[in-house]
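Q: Below is a structure I'd like to ask you about.
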Amino acid sequence: MADVGAMLARRYKVLIIFVLFTLNNGFAWLMFDPVAGRLEKNVKGLTVAQLQVLSSWQPLMFLLMFLPVMKMVTRPDGLRKAVRLGATCELLGAVFKIVGSLARKSYAGLVLLHVGQIFSGVGSPVATGCVSALSAVWFGPTERTRATAAAVLSNSVGNALAYIFVPAITESSSFVFVTVYEAAMAAIAAVFVWFCLPAQKAPVVAGGAAETSPSDGVAGEEKSLRGQLRQLLGTPSVVFLLLIYSWSAGGFSAWISLFDATYNRFFSESFIGLMSFAGMVAYVVGGLVSSWLTDLCFPRQMKYVIFLCITCNSVSNILFVASAPNNDGYSLYPPGRAWIGAVTALCGFWNGAAAPLFYELIAEISYPVDEGVSGIAVSVCENLGALFFYQVVSRFYTGESMSVAYSIGMTVAVALSAAVRQRYNRSYHVYLQYRQAASVTVVETDTPTV
C-alpha cells in the first residue's frame, strides 16, 4: 500500500509540474491580443499586422520544432528532457519580453518582443503535444483521459488568464508588469521542472496490475519515426480526426483571440476580455466534465461523444452569429450582453468537451504508434488550424463574416466526424497483456513443487 501511495503521489506531482509549465505557455501565446489597441499606440512600429505576427509565432515555431521534440520524446527519459527544454525557452522568452516592453519607444523594443515570442513558441510542442505521452507514461488506462484533459486544458487556462490579467494589469500599471508576471511564473515552473520532475522509472499500474514498464520511449527507438508517421497518416479515421481538430481547436483559439479586433466598435475592451475569458473557462470546464464522464461511463464510445460535442458546438456557433452585432451594429437576436457572454461560454464548453477525446481516440486507433508521436501530431494540426485562421481566414473575412466562416467550418466538421471508424487497439493490447500475465500467474500457482 505504501508503494501504491508513493506512486500516486509521484504521478500527480508530475502532472502538477507539467500543468504549471503549460499554463504559462498558454498565457504567453495570447498575452498581446487583449490589449491590442493600447499596444498599437504605445509600442513604436507595432501595427495590426505586427500583432498578428506576434500571435502567429507560437504556431510557426511549433511547426519548426515538432519533429525534434517528437524524436526527443520517443527516447528514454525523453519526456522530462523535452519539458526542461520547453520551460527553459519559456523563461528566456519572458526575459526578452521584459526588455522589449521597457524599450517600447524604439524599434529595438519591438524586435525583442518578437524574439521573446519566438523563444516562448519553442516550448509549444512540449506544452500541447506531449500530453498523450505524459498520460501514457504515468497513468493507467482508466485514468488517461482525465490526465490528458488536465494537461491539455491547462494551456487553455493560461489563455483564459491572459484575457483577465493582461487588461487588468495594463490598466492599473503598464504592460511591463504583464511581462514581469510572465517571467515570474516561468521562473517558478523552470525551478520545479529542473529540480522536482522525476525520471521515468516507476512502472505504470493498469487495471490493477503493473505493466512491464512505462512508455519511456524504448519501443519508440525500435520503430522508426518515419514509419510511425506513415502508419499514423495512412489511417483515414486518424486523418479525419486531425482535420476536425485543426478547425475545432486551432480555429476556435484564433477566433476567440480576435474578438478585440472584431467587436471593439461595439463593446468595451473589458467586456470583450470577459467574453473571451468566459469562453476559455467554459472550454476547460467542458473538457474536465467530458473526460471524467468518458473514463467512467463511455470509455469505448469516444467517437459518439465527440460527435455530440461538436454538433452542440456548431449549434452554439449559429446562436452566437445570430446574437453578436454584424458590421453595421445590428443582430438578428439582440437580447443583451449577458446573453452574448453566455453563448460564448456555450461555444467554449462544447468545444472543450471534445478536445481531450481527440488525443485519446487517435492514440487508440493508431496504436502501436507511440503516444508522443500521435499527441504531437494532434497538436501540430491544432497549430496549423490557428495559423490558417490568423493568416488566411481573418484576412479574407472580417467582422461578422469571420464568425460565420468559423460556424460553417464547424458544420463541415460535424459531417466529417460521421466518417470516423473508432477502434480501441491500445486498450485491446493492454487487455491481452493483462490476460497473458494472469495466465502465467495461474500456471505458476498450479505447478507442483518437487
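All positions are counted from 1 along the displayed chain.
Keep in mind that glycine also has a Cβ here, set from the backbone N, Cα and C atoms.
Please treat TrEMBL annotations as automatic predictions, because they have not gone through curation.
Copying in the features that TrEMBL gives for the protein in this structure:
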TRANSMEM  12-32  transmembrane segment
TRANSMEM  52-70  transmembrane segment
TRANSMEM  82-103  transmembrane segment
TRANSMEM  115-140  transmembrane segment
TRANSMEM  147-169  transmembrane segment
TRANSMEM  175-197  transmembrane segment
TRANSMEM  238-259  transmembrane segment
TRANSMEM  271-293  transmembrane segment
TRANSMEM  305-326  transmembrane segment
TRANSMEM  338-361  transmembrane segment
TRANSMEM  373-392  transmembrane segment
TRANSMEM  404-420  transmembrane segment
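Could you give the neighbours, burial and distances for every feature on this list?
A: For the transmembrane segment (52-70), the residues of the chain that approach it from at least six positions outside its boundaries are 28-30, 32-33, 82, 85, 113-114, 117-118, 120-122, 124-126, 128-130, 225, 250, 254, 257, 372-373, 376, 379-380, 383-384, 386-387, 390-391, 394, judged by C-beta separation under 8 angstroms.
Among residues of the same chain six or more beyond the transmembrane segment (115-140), those with a C-beta under 8 A of the stretch's C-beta atoms are 10-11, 14-15, 18, 21-22, 25-26, 28-29, 54, 57-62, 65-66, 69-70, 73, 79, 82-83, 85-87, 89-90, 92-97, 100, 147-148, 151-152, 155, 179, 200, 204-207, 214-216, 356, 359-360, 363, 370-372, 374-376, 378-380, 382-383.
Counting only same-chain residues 6+ beyond the ends of the transmembrane segment (238-259), those with a CB under 8 A from a CB of the stretch are 30, 33, 55, 59, 156, 159, 232, 272, 275-276, 279-280, 283, 306, 310, 313, 344, 347-348, 351, 354-355, 358, 361-362, 365-366, 374, 377-378, 381-390, 393-394, 402-403, 406, 409-410, 412-413, 416-417, 419-420.
Counting same-chain residues at least six beyond the ends of the transmembrane segment (305-326), those with a Cβ under 8 angstroms from any Cβ of the stretch are 241, 244, 248, 263, 266, 286, 290, 293-294, 298, 332-335, 339-340, 343-344, 346-347, 349-351, 353-354, 357-358, 361, 399-400, 403-404, 406-407, 410-411, 413-414, 417-418, 420.
Tertiary neighbourhood of the transmembrane segment (338-361): same-chain residues 131-132, 135, 144-145, 148-149, 152-153, 156, 241, 244-245, 248-249, 252, 256, 274-276, 278-287, 289-291, 294, 302-303, 305-306, 309-310, 312-313, 316-317, 319-320, 323-324, 374-375, 378, 422, selected by CB-CB distance under 8 Å and a gap of 6+ residues from either end.
When Cβ-Cβ distances below 8 Å are used as the criterion, the transmembrane segment (404-420) is approached by residues 236-237, 240-241, 243-244, 247-248, 251-252, 255, 303, 306-307, 310-311, 313-314, 317-318, 320-321, 389, 393, 397 of the same chain, each at least six residues removed from its ends.
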Q: Considering only Cβ pairs within less than 8 angstroms, which of the stretches 82-103, 147-169, 271-293, 373-392 has the most against the transmembrane segment (175-197)?
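A: The stretch with the most contacts is 82-103.
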Q: Counting only residues 6 or more past its boundaries, what in the same chain has a CB within less than 8 Å of a CB in the transmembrane segment (271-293)?
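A: Distant contacts of the transmembrane segment (271-293): 34, 145-146, 148-150, 152-153, 156-157, 159-160, 163-164, 166-167, 252, 256-257, 259-260, 263-264, 305, 309, 337, 340-342, 344-357.
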Q: Any residues 6+ beyond the ends of the transmembrane segment (373-392) with a Cβ under 8 Å from its own?
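A: For the transmembrane segment (373-392), the sequence-distant neighbours (Cβ-Cβ under 8 Å, at least 6 residues beyond its ends) are 52, 55-56, 58-60, 62-63, 66, 69-70, 73-74, 124-125, 128-133, 220, 225, 228-229, 232-233, 238, 242-243, 245-251, 253-255, 258, 358-359, 362-363, 366, 406.
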